[in-house]
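Engineer: The structure that follows is given in the form of structure tokens.
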Amino acid sequence: MINRITDNKFKLVSKYQPSGDQPQAIEQLVDNIEGGEKAQILMGATGTGKTYTMSQVISKVNKPTLVIAHNKTLAGQLYGEFKEFFPENAVEYFVSYYDYYQPEAYVPSSDTYIEKDSSVNDEIDKLRHSATSALLERNDVIVVASVSCIYGLGSPKEYADSVVSLRPGLEISRDKLLNDLVDIQFERNDIDFQRGRFRVRGDVVEIFPASRDEHAFRVEFFGDEIDRIREVEALTGQVLGEVDHLAIFPATHFVTNDDHMEVAIAKIQAELEEQLAVFEKEGKLLEAQRLKQRTEYDIEMLREMGYTNGVENYSRHMDGRSEGEPPYTLLDFFPDDFLIMIDESHMTMGQIKGMYNGDRSRKEMLVNYGFRLPSALDNRPLRREEFESHVHQIVYVSATPGDYENEQTETVIEQIIRPTGLLDPEVEVRPTMGQIDDLLGEINARVEKNERTFITTLTKKMAEDLTDYFKEMGIKVKYMHSDIKTLERTEIIRDLRLGVFDVLVGINLLREGIDVPEVSLVAILDADKEGFLRNERGLIQTIGRAARNSEGHVIMYADTVTQSMQRAIDETARRRKIQMAYNEEHGIVPQTIKKEIRDLIAVTKAVSKEEDKEVDINSLNKQERKELVKKLEKQMQEAVEVLDFELAAQIRDMMLEVKALD
């Protein structure tokens with residue numbers, strides 16, 4: 001039995017006070033939520049402190065909150081910020097726990113079966129368990145998640161019902177406790193004590209919860225009664241304190257009791273017989289043999305161990321769901337009255353919409369060729385309409401809300417004023433005739449002031465030709481294309497900020513991690529060619545790249561002004577006018593953002609024995625690459641420990657790149 005604490009409050013800790021138009025945005029959002037409004041949009045310009053506004057809203061409405069970002073890196077940044085704002089509350093992180101993931105697939109054209117291959121990040125697995133257990137134990141919970149939160153997770157009821165609840169004075173034999181722990185997928189290991197394991201020493205049982213990484217619990221028996229429970233350091237055994245009540249959550253999210261397991265196995269066997277009959281009728285004997293062999297092995301594992309690799313493919317039977325019924329997800333672990341905030345909603349909602357179809361087409365291939373039972377199709381992400389059915393109240397957060405969000409609500413709350421006083425940049429349109437020489441003059445003017453320039457083109461060839469030309473003209477320039485790996489990309493951004501070069505040319509400069517305060521000029525070539533990066537939203541986002549510098553300026557090179565251009569220019573001018581009026585009224589002088597340039601030498605460069613001499617990774621031999629991977633792995637763990645998930649994700653990608661050279 002879990003005693004859920006429902007009366008605790010969110011406590012926001014910050015040296016800041018709401019400023020600019022934050023107070024009115026906070027007040028409107030809170031009033032609308034308390035008034036029962038289902039959906040609203042926070043349309044906040046880049047750099048206006050949207051995360052702080054979100055934190056203020058959470059603390060005032062006091063509801064469990066799910067914040068969804070469109071990738072792990074952004075989720076990590078938000079998690080770090082919310083942890084700082086709410087040190088006394090449960091701020092949790094829920095993303096895919098795979099460092100590397102190759103889904104199970106089959107390619108009929110080459111008769112290639114690709115087995116599921118993955119590397120699970122133990123730290124992220126711990127954080128996922130921490131998130132689900134926190135949601136069942138308390139009310140003051142913020143979970144920052146990627147879109148993996150709409151994937152199947154197992155039944156929250158089974159998860160909660162499987163909790164082993166212990167307290168001093170409870171009559172339970174030691175052996176009964178050991179059996180209970182094994183039932184919820186804990187593993188006995190008296191030597192290697194890790195998360196999800198327990199060890200036994202006489203009348204003492206030590207349990208290492210799946211949601212912890214340093215602290216375990218020591219349960220001491222007197223006969224068939226628990227004498228006392230103490231929290232201890234897992235490594236040293238040092239006692240940290242007495243515990244009145246201990247709830248041990250399952251070591252896996254896919255858990256079921258013996259009765260339900262027998263029912264599930266019977267259903268799996270019945271479905272197997274049905275599908276074998278279909279294959280035999282169609283003359284697919286190879287597929288029938290394959291399916292029979294795989295499924296019978298899985299059934300044996302479920303019967304003996306209560307678990308098998310790929311157990312999630314049988315989740316429909318284990319959860320007792322009907323065919324086509326949506327799976328349980330993280331959203332089902334929240335109470336009914338919870339709040340959802342979608343960060344960068346113009347990107348995230350598109351991802352939520354697209355998840356189902358991609359998963360379905362891959363799984364259908366596996367079913368058709370006898371690698372999985374048809375019920376595996378119900379181990380899937382939610383459809384968008386299924387996601388919508390979970391929404392009680394939602395806030396879409398974006399500088400450029402998408403069509404979907406605008407269809408959901410007419411309530412749009414603006415946040416335009418930046419705490420730094422920075423204005424949206426001035427935007428002008430210049431003709432394409434003589435554009436390169438015109439741009440060269442603008443770049444030279446920026447170089448003299450030690451400022452940087454972004455140039456965005458539409459084609460790879462244009463970007464390459466432009467880069468070559470500017471190099472001939474003596475400009476320090478680099479081209480960032482889609483083939484550049486994380487390792488090099490991180491280095492390029494750092495070198496741009498340090499002034500190793502002055503101009504960065506690219507096609508898509510909207511990806512995360514490309515916010516550079518030193519950039520005072522953004523040049524948009526072919527601005528009148530409508531498309532993904534030249535529509536209104538794309539242009540506004542690109543213009544925002546110059547909004548972190550007090551000298552920010554944008555030049556669009558075009559022969560005609562498209563509707564998208566005009567709307568982007570008008571919107572930027574409207575915001576700029578409001579910002580200037582506010583600054584004038586309050587005597588604020590815009591200040592360029594001062595952002596520390598993180599030293600990435602240790603992370604991005606292989607350093608030879610002569611400490612200062614940097615070497616190219618491609619020139620390293622196999623042993624040196626192996627040593628570098630070890631170093632990077634250590635640095636990744638250090639980054640995770642200090643909750644710097646952005647850096648950890650970068651290092652992880654670098655490790656994969658170094659490993660790929662072998």
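A Cβ is built for glycine as well, from the same backbone N, Cα and C atoms used for every other residue.
According to Swiss-Prot, the record shows the following:
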BINDING   GLY44, ALA45, THR46, GLY47, THR48, GLY49, LYS50, THR51  ATP binding site
DOMAIN    31-188  domain 'Helicase ATP-binding'
DOMAIN    435-601  domain 'Helicase C-terminal'
DOMAIN    626-661  domain 'UVR'
MOTIF     97-120  motif 'Beta-hairpin'
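For each listed feature, how buried is it and what is near it?
Structural biologist: Here THR46 (ATP binding site) comes close to ALA399, GLY544, ALA547, ARG548: these same-chain residues lie at least six apart in sequence, with C-beta atoms under 8 angstroms from its C-beta. Secondary structure at THR46 (ATP binding site), as computed by DSSP, is coil.
Mean model confidence of the domain 'Helicase C-terminal' (435-601) amounts to 88 (pLDDT, 0 to 100 scale).
Helix, strand and coil content of the domain 'UVR' (626-661), in residues and according to DSSP, is 32 helix, 0 strand, 4 coil.
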Engineer: For the recorded ATP site formed by GLY44, ALA45, THR46, GLY47, THR48, GLY49, LYS50, THR51, which further same-chain residues have Cβ atoms within 8 Å of the site's Cβ center?
Structural biologist: THR53, ALA399, GLN415, ARG418
Engineer: In this structure, which of the binding-site residues GLY44, GLY47, GLY49 has the fewest other Cβ atoms within 10 Å of its Cβ?
Structural biologist: GLY47
Engineer: List every residue in the same chain as THR51 (ATP binding site), at least 6 positions away in sequence, whose Cβ is under 8 Å from its Cβ.
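Structural biologist: Listed in sequence order: LEU78, GLU81, PHE82, PHE85.
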Engineer: Check each residue in the chain of ALA45 (ATP binding site) that is at least six apart in sequence and keep those whose C-beta is under 8 Å from its C-beta; list them in sequence order.
Structural biologist: ALA399, GLN415, ILE416, ARG418, ASP424, GLY544, ALA547, ARG575
Engineer: Test of understanding: give the count of other CB atoms lying within 10 angstroms of the CB of THR48 (ATP binding site).
Structural biologist: 26
Engineer: Who sits close to LYS50 (ATP binding site): which same-chain residues at least 6 apart have their Cβ under 8 Å from its Cβ?
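Structural biologist: Correct list: LEU42, GLY44, ASP343, VAL397, GLN415.
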